[in-house]
Amino acid sequence: MLSSTAILKASGDVAINYQQYIYPIIINKLSTLNYTIKNKKYYSQYKYSIQFQNEFQKNLKIYNNSNNNNNNNNNNKINKNNNNNNNNISKFFIQNNNIDKKVLRHFYSSTKLNYAKQQQQLFKNNETFNETVGASLLPIINKLQENAALIGSEITLPQIIVVGSQSSGKSSVLENLVGRDFLPRGSGLVTRRPLVLQLYQTTTTSRNNVNENEDEDEDDNYYDNDNDDNSLEEWGEFGHTGTNRFNFQEIKEEIERETERIAGPNKDISSEPIVLKIYSPKVVPLTLVDLPGLTRVAIEDQPPDIEEKIKSMIIDYISNPNSIILAITPANQDIVTSDALKLAQQVDPLGKRTIGVLTKLDLMDKGTDAIDILLGNSIPLSLGFVGVVNRSQQDINNRKPIEQMLADEWKWFDQHPVYHRITNQLGTKYLAQKCNKILTKHIRDTFPSVKNQIRQLIKKYESDLEKYGEPIPLRSAEKSRLLLDILNEFSRKYRADLDGTNEELILNEFNGGARIRYIFSKAFQSTTAAAATTSTDNSGGGEPFGWLSDQQLKIALRNSGSTMFIPQKIFDSLIRKQLERVREPLIQTSEIILDELIRILTQADYSHVLSRFPILKERIVEVSNNALRKLVKECNQSISQMVDAEMSFINTNHPNYLYQLNNLLFSSSSSSFVVPQGAFQSTSSTSSSPTSSSSSLPLPQNSNPYNDALNPYNIDRSYPIDNQIKQQQQQQQQQQQQSYQQQQQQQQKQQSGFLSRIFGSSSSPPSPPSPPQPKQQQSHEIQIQQQQQQQQQQHLKKQNLIFDDKFKLEQYGLNDITEDEKKQIYLLRRLLLAYNDIAQFNLQQNTMKLVSLLLIDKSKDILQKELIDSLYDQSSVDQLLRENELVVAKRNECIYKLDLLKKAKKSLSQSENSDLLHLY
């Protein structure tokens, strides 16, 4: 490979064979330039590459043809052309001598790299590598960006987010990238909505569909710097205006109008983006999102929390893991105070997706520079820093063309004593190419995740659309069929919930039939048991027959005519009273099940079907409730009849009852049988006695009477009793005993009870034998007590006193219950409890069966018929099928978003197979 000087020397020597010597060097040079462009090295050579290729493409074609043609005439023609082109080669190399040296030097160091095939293909297409990839991928992402703006923030697309404080030069950077003035300017907060800026590189001039309102006044000379035809090559389109084209002055005005329309006339902000597409042959394919500039102090017409609002908006955008952060910081301020870098570090602490941009490098104090920052020595960023020079306010006022500014920017960097060493890594053009390369690579890397997001969103909206259903048909026959289908489906799912055959699996709670079974097995049994086990104070929580005190049993025994046994009639009466107490809880069971059935009717499984038609839903619930309440009324009557049937026949021949009876007979027949300690209640106050005697024994705290003698009372018989009250009790006892004896003699002749089987059937029931006690063993205290009783009795007879209401029979304490009575009371209560268990079990089981048969099963059978008979009417179909407006709006939204997502998925699928995704 010859040096540049040798090339120049050879090109001036006509004796050198042009065909064999000069053209191979040109081919190598072209390959070098293409390789250089591909790697974005020596950015200053870019603008010469197309010129170089165009100048020698024709000659190369002649050269290639000459290799395949041995005709002497053609060779003579080529030699003649060679002589004519020598001058052009010399002129070109002389003008670009310095460029040529750099290019050839870079080519020498890269001879081992093999890019020949790729370079030749790029050369044939006359395109650079990055332009090809960017032009193919970015339009797809831009289209997705537009759809994402319409769909919402549900897709995390790869995009470059421009972040910076006010007056940081953010707007100037964007305008430099576009090469046009198009952003509104002014004091305070100007950018008040996100601006999605999509740059499309065009290659041909289009005169179609140009905005008819485009003005061609003197202002166009400012926006069209080169010639008047540029207005046809460059234009803008907004996402909210369709395909209408705008020139750059109109773009600025439309941004202001659209911002004020959404964000209001004051200085408030809005998160709804503006989508702007700019078509120009001068731009690099790129997508940027310009956000409002950070501010610290709210000015006039701004809300006081404007700073927090802007920060929150910026965080929402840069938190997207697929976004690239373009953090803009003015170089004439301390880098550690950069608001943009501070926010970027919050979401990207490692700096893997942050590009730092230093603006206003020309405004730094003399003797200072930002070379350490640009080289990454101060703040390390994986994507590095890029320095740029913006137009000054005077340049803007003087309408200095941006192309002239870009040339001045390059000249300033090239002549700077420090920055000239890294000129190829500075400037607006380098920033554009760097962003293009990073974004293009990022798009390729995030394609799978974006495609997966779109797939998931399609699945979600299809599911939502299925819930909202198809639009209502217009024909009457189709409407009637739809109504019938809804009623049938409603009834089917109701049956499925009760039977446990619902397709939807619920794991967080009992549902349908499982809840009903739980109510039967747990809640229902505990409720009826609590109603049957009422304590003596009628507060609940005691034992069965807790409402029946031992004193009442003693009185019942004595009222039966004997102190030794009780007739069957008294036993039956006590059992019936106990069964009557559970009648209401059993009836309430059907009401509990009714509430559960109503809950199932409005269950979430098919609530979405009814939510479409609020009138139909209301009527279905009304008809269903009426049908269920008819059933529950019949069910309650059957439950009440069942209780009456249980009370009508007290079956003392039940095997379980006989088993308990035999056990009691066996245990009580033993001579050593003793009534368990504490098996008797220590109070005579009952639910039937409104007052309690002052002589009754106190009830110990925390006592649980009659828990199978496991929790006995601690009876304190030493409780002091007033002497006068005691004397009155003794007098009452004597007179009452005489009355009882007379009644017993009469009743024993007429009645006999089941307890006679325990104590015999003689006219005088036997009492447990007790050894006679000699008189000398009786205590002197007892003798005195007997004498006092006799004296009091005689005194009462003389006074001809009668019993007052306060001397009621239930006021007798436990002291007057004999051992025989204790035994009888104990045995009687145990038999009552034994039969109560049998009766309670029968009632609970039969109640569950009646509720299942008459309410649950019957509701499954009649619900569909009731709904069709009541609602399937041709005259009311239109009214019943009137849709909820909210459902209609949501369905239309789903259809719209599904259409956008499916188009996006199609675009991604077509691009996924493109070789351009695999070139990097």
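Here the Cβ of each residue, glycine as well, is placed from N, Cα and C on the backbone.
When Cβ atoms from all protein chains are considered, those within 10 Å of SER392 (GTP binding site) total 15, not counting its own. Residues or ranges marked as GTP binding site by Swiss-Prot on the basis of similarity to another entry: 164-172, 359-365, 390-393.
Here Swiss-Prot flags 724-751 as coiled coil.
Summarising the annotation, Swiss-Prot assigns compositional bias 'Acidic residues' to 212-236.
Under the heading compositional bias 'Low complexity', Swiss-Prot lists 681-705 (among others).
Feature annotation from Swiss-Prot assigns compositional bias 'Low complexity' to 724-751 (among others).
For 775-790 (among others), the entry in Swiss-Prot reads compositional bias 'Low complexity'.
Residues or ranges marked as domain 'GED' by Swiss-Prot on the basis of sequence analysis: 825-916.
Residues or ranges marked as region 'Disordered' by Swiss-Prot: 65-84 (among others).
Marked as region 'G1 motif' by Swiss-Prot on the basis of sequence analysis: 164-171. Using a Cβ-Cβ cut-off under 8 Å and counting only residues 6 or more beyond its ends in the same chain, the region 'G1 motif' (164-171) has close neighbours at 183, 185, 188-191, 290, 293-295, 327-330, 339-340, 359-360, 388, 390.
If you look up Swiss-Prot, you'll see 204-241 (among others) marked as region 'Disordered'.
Non-local neighbours of the region 'G3 motif' (290-293) in the same chain are 161-168, 170-171, 174, 183, 189-195, 197, 269, 310, 313-314, 317; each lies 6+ residues outside the stretch with a CB under 8 Å from one of its CB atoms. What Swiss-Prot records for 290-293 is region 'G3 motif', and it gives sequence analysis as the kind of evidence.
According to Swiss-Prot, the region 'G5 motif' annotation covers 389-392. Among residues of the same chain six or more beyond the region 'G5 motif' (389-392), those with a C-beta under 8 A of the stretch's C-beta atoms are 169, 172-173, 176, 359-362, 400, 402, 405, 408-409, 412-413, 427.
Marked as region 'Disordered' by Swiss-Prot: 680-790 (among others).
Mean pLDDT for the coiled coil (724-751) in this predicted model: 53.
Sorting each residue of the region 'G5 motif' (389-392) by its DSSP state yields 0 helix, 0 strand, 4 coil. Neighbour count (other Cβ atoms within 10 Å of the Cβ, all protein chains): 24 for THR359 (GTP binding site). Over all protein chains present, the Cβ of LYS170 (GTP binding site) has 28 other Cβ atoms lying within 10 Å. A C-beta separation below 8 Å, combined with a sequence spacing of at least six in one chain, links ASP362 (GTP binding site) to VAL389, TRP412. For GLY164 (GTP binding site), applying a Cβ distance below 8 Å and a minimum sequence separation of six or more within one chain yields LYS170, GLY293, LEU294, ALA327, ILE328, THR329, ASP339, ALA340. Taking H, G and I as helix, E and B as strand and the rest as coil, DSSP gives the region 'G3 motif' (290-293) the counts 0 helix, 1 strand, 3 coil. According to its DSSP assignment, ASP362 (GTP binding site) is helical. Counting other Cβ atoms within 10 Å of each Cβ, the binding-site residues SER167, ASP365 show the lowest value at ASP365.
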